[in-house]
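As structure tokens, the structure follows; a few thoughts come after it.
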């Protein structure tokens, strides 16, 4: 489990005169892995753009290649940024125990000095190649660094055939196989209706390497593109605007049930991208909690453009007023806001 992040208040205080600020160009040009030691001496990944005066960052390229860079009381670092090396560490997977996951739980992060430094975790059902949820911590930041283009990683959990199942032509053929040659849900091979919807958003991280770590099939579900680009994006941006420099958010995002659609004979059939794998979730949820575990917000999205009227909401969602204004149509996505105190 990610350590409950009271780091902002517990391990050091931010906003003190003399703190060092990591400007956008410093972050974008750095490929060393920045970390610091918490009050217990354990390494933690640097997730914020502010470094308190007196704190030393340990900038790793590998286990044997580390450079120390301290924030001085004049607000300047002892070494200039950006900080680069020729062969930086890559993120990797580690099997973990997660009491909420009834399947296989994995953490994504860095292995440094015998520690595994977690960025996020995911719950994975190998039988259906389904990601049930992913969870990470969100920290305050004032800018969004550019990230290099990266391919989605399969992590030996997905086959090449499953990875290319997200291609427009392959999704079209799969829907024809399930719903009939004359199905109209995906009208042709050129139109992208469903895409790889991130569970942990890349923009929730500060450094480019951290952002790139989210581009894995272990962190996506089949999500309708217009919803992903519509209300879901507005929700993610709004959440990032609400996190403060005093306390991080813990965010859990996942899918519920499998979308069913009628075939040409009127029979309801489950939507899969390949065979009986990569199911399209009927609902996608996002739960926002504070660093003490208290529920703050729950957003529940109906993951389909084909239902023209607002569907009946799941019984686990006791609806409340949404904290932001959202479009109410199938293209942008039907969104329900749920009572965070009662949502499981």
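A Cβ is built for glycine as well, from the same backbone N, Cα and C atoms used for every other residue.
As given in TrEMBL:
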- 198: active site, proton acceptor (ACT_SITE)
- 228: Mg(2+) binding site (BINDING)
- 116-343: domain 'DNA/RNA non-specific endonuclease/pyrophosphatase/phosphodiesterase' (DOMAIN)
Sequence gap of 6 or more, Cβ distance under 8 Å: name the residues on the same chain that satisfy this around the residue listed as 'active site, proton acceptor', in order along the sequence.
214, 219, 220
Give me the mean pLDDT over the domain 'DNA/RNA non-specific endonuclease/pyrophosphatase/phosphodiesterase' (116-343), rounded to a whole number.
97
Just to be sure I understand the packing, how many Cβ atoms besides its own are within 10 Å of the Cβ of residue 228 (Mg(2+) binding site)?
20
